[in-house]
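Undergrad: Per TrEMBL, transmembrane segment is recorded for 112-135, 195-212, 218-236, 248-267, 301-322, 331-349, 355-376, 388-405. The feature domain 'DUF1736' is assigned by TrEMBL to 273-341. Taken from TrEMBL, the feature repeat 'TPR' covers 458-491, 492-525, 526-559, 560-593, 662-695.
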Amino acid sequence: MALSDVYWDRQIPLPKLAPVQAKATVALVALLCFINSYDGEFVFDDSEAIVNNKDLKPATPLNNIWTNDFWGSNLSSNSSHKSYRPLTVLTFRLNYLLAGGLHPVGFHVLNIVLHAVISALMIDVFAILIGGLAYDEKDRILNHAPKTSLLAALLFAAHPVHTESVAGIVGRADLLCALFFQLSFLTYCKAFNRGIYLIQVLPLLCMYTLILCSTKDIQCLLINGVNAAFDVLLICNVNLNEMLRTGLLTRLALMGLGGLSMLYARWRIMGTGPPAFTEVDNPASFAENIVNYNYYYSLNAWLLLCPWWLCFDWSMGCVPLIKSATDWRMVWLLLLWCILIGLISQALSSTAISHLLTLTLALVLLVVPFLPACNIFFRVGFVIAERVLYLSSAGYCLLLAYSLGHCCYRWTKYRKLLCVSVLLLLCVYVARCALRSYQWRSEQSLFTSALPVCPLNAKVHYNVGKNLADRGNTTAAIKYYREAVRLHPTYVHAMNNLGNILKERNELIEAEQLLSKAVSIQPDFAAAWMNLGIVQNSLQKFEEAEQSYWNAIRFRKKYPDCYYNLGRLYADQNRHVDALNAWRNATVLKPEHSLAWNNMVILLDNTGNLGQAELIGREALKLLPNDHTIMFSLANVLGKLQKYKESEGFFLHALRINPNAASCHGNLAVLYHRWGKLELAKKHYELSLKLDPEAPGTRDNYNMLRRKLDQLKRSAP
């Protein structure tokens, strides 16, 4: 089973290192490439998978991760993405517990370490795939291709296409998938070295089934094909007698049966329904021909060959569809298939067994892990995703290392040039990784880096605009939101966000037009209905606004913010009972809704229901004991009820939390004024006027107090 004719290996322009040294070198290169992402932020998909995922929180039952998808939604839900990766979520939860909260450093460090470990283990995987299965007397792998396996592992460690999987925290699913594939493959090989052909497969099958259920299940299942191909080609030497003697057919049957059982169990867990994707997620899957699928394959191949044009998202017009056979891009997919057919022909026509096996297994490792993303078995929710190339790139790196070794052997006079080329390629890879991982450190740099790569991608412009808006640069955000809508005229989320900004800038007519268009395109878009209601309320279209709010609530039953805004509409119309009911609904759905509580207290205060206002204020403070706005409102109510001492306590507590609140100083001064503590009233009037010289009524009250103090001085004996 071991191959001794890997004659090109000694021509590889690398030193022959001891196994430990080789693995340490590869691990260090992997760390060097991605270390500058260790203190990056949570970016892009990290927000949904980690920041907003309740399954990470200690208060959430641990069992939830086995029934929820990767994003924290129940698998049986129609809105679920159906990504079943409980082990990955479990590692996120462990990061959360160890760090004591959502601190991204620990998440990033674990990803980088995992990539370094995977890169180092790739040496053993490549050694077996190239040189065959051989162990020494201490049960350690004998590497018959030390230089080729080292070069392939170095290329894998430094390949820039891995940045999304390593620097993006959600890429941990791909890292764990690769790690468990390696462990499975190496365990599978060791079982044969010990002569346990069948019995060892049973515990391995159990372990692998657990792996399938814990990471990227479909991809893991297909990766099992690498084990099968290795078994047929290297273990059994494509020999029928050897297959029968070692029980190959039984092993394959057991693995197939286990995989199918796992798929059935997974199908039941997720509700026996596939995820629902829209045309913008993967337009080729809605097209009438399969030409575009092949074009996507060629683009993925190009990312492996030239990983310079990298983007966090390739949807929404980033890759226009091929609609005609005369489209010049047809050349790329024809070129791809010519190269693949050429490689297969080269492998089949080779007289050297080492060439046949190396080329064949490299192609298997390149193609098989990519199959779940090729739209053959089911529709996927992306056009191109760099993360799905993480394991496939191992096959590419093996092919590249083999090709370089073969060239060095054939063209010895160009060996120095090839040596320089290899070194230059590795340096370019490392530099590109460092730059790309730096871009993944923040959403601002990540999103802006995509603009020159995918200028036609509406989602890129949307994300740049959203990031600018979150940082307060709404003027620049408007430009990107408008471009997103121009590129994709039915992009309702861009319309909604643009409408919100225009609403804040009091450009209400255009805001209403945009939001109305958004809800006409997607009638169940609850947030857009609510925002439309706010705009219509500002335009004094009260009936339309009320209907918009109720539409939002109809499509999202538990919508506290909408109830809050509905209450404001009713308050503007002096429908006080309806306003109180709406705000009460908001606090029932979201007990920490400070604005709803505060508005109830203020409304009851203004309508003279001081006793009820006091009860509501005290109820709110039990839930929000440090909310200074509610303390302020309750203090005003208590002052009117002549509970001066208690009112003073709430005012002072509110000022300890927010000492620069001019209105709080002013109202406390009024309390002291009524209470007869005139010097204290004078002090807080002056503090209020210092903080806000234009505070309404404060100047008049202060002047009134000063006249009273002057009168008292004149009347004093």
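Including glycine, each Cβ sits where the backbone N, Cα and C put it.
Quick one: how deep are these features, and who are their neighbours?
TA: Nonlocal intrachain contacts for the transmembrane segment (112-135), taken as residues 6+ away from its ends with a CB within less than 8 angstroms of a stretch CB, comprise 1-3, 6, 9, 19, 22-24, 26-31, 34-35, 37-38, 141-146, 148-150, 152-153, 156-157, 162, 165-166, 172, 175-176, 178-179, 182, 185-186, 189-190, 192-193, 230, 234-235, 354, 357-358, 361-362, 365, 394, 397-398, 401-402.
If you look at the transmembrane segment (301-322), the same-chain residues 6 or more away from its ends with a CB under 8 A from one of its CBs are 44, 159-161, 163-164, 168, 280-284, 287, 291-292, 295, 329-330, 332, 336, 339, 382-386, 389, 392-393, 396, 429, 432, 436, 446-447, 449-450, 453-454, 456-460, 463, 487-488, 491.
Only residues 6 or more beyond the boundaries of the transmembrane segment (331-349), in the same chain, are considered here, and those with a CB under 8 A from a CB of the stretch are 291, 294-295, 297-299, 301-302, 355-356, 359-360, 363, 399.
Distant neighbours of the transmembrane segment (388-405): 8-9, 11-12, 122, 125-126, 129-130, 147-149, 151-153, 155-156, 159, 161-162, 165, 171, 174-175, 177-178, 181, 219, 223, 300, 303-304, 343, 358-359, 361-367, 369-370, 372-373, 418, 422; these residues of the same chain sit at least 6 beyond its ends, with a Cβ under 8 Å from one of its Cβ atoms.
Sequence-distant contacts of the repeat 'TPR' (458-491), counting only residues of its own chain at least 6 positions beyond either end whose CB sits under 8 Å from a CB of the stretch, comprise 44, 280, 311, 313, 315-318, 443-444, 447-448, 450-451, 497-498, 501-502, 504-505, 514, 521.
Across the repeat 'TPR' (492-525), the model assigns an average pLDDT of 94.
Cβ atoms under 8 Å from those of the repeat 'TPR' (526-559) belong to residues 492, 495-496, 499-500, 503, 508-509, 511-512, 515-516, 518-519, 565-566, 568-569, 572-573, 589 of the same chain, restricted to positions at least 6 beyond its ends.
Counting same-chain residues at least six beyond the ends of the repeat 'TPR' (560-593), those with a Cβ under 8 angstroms from any Cβ of the stretch are 526, 529-530, 533-534, 537, 542, 545-546, 549-550, 552-553, 599-600, 603-604, 607, 620, 623-624.
Long-range contacts of the repeat 'TPR' (662-695) within the same chain: residues 628, 632, 635-636, 639, 644, 647-648, 651-652, 654-655, 701-702, 705-706, 708-709, 712, each at least 6 residues beyond the stretch ends and with a Cβ under 8 Å from a Cβ of the stretch.
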Undergrad: Summarise the repeat 'TPR' (458-491) as counts of helix, strand and coil residues per DSSP.
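TA: DSSP composition of the repeat 'TPR' (458-491): 27 helix, 0 strand, 7 coil.
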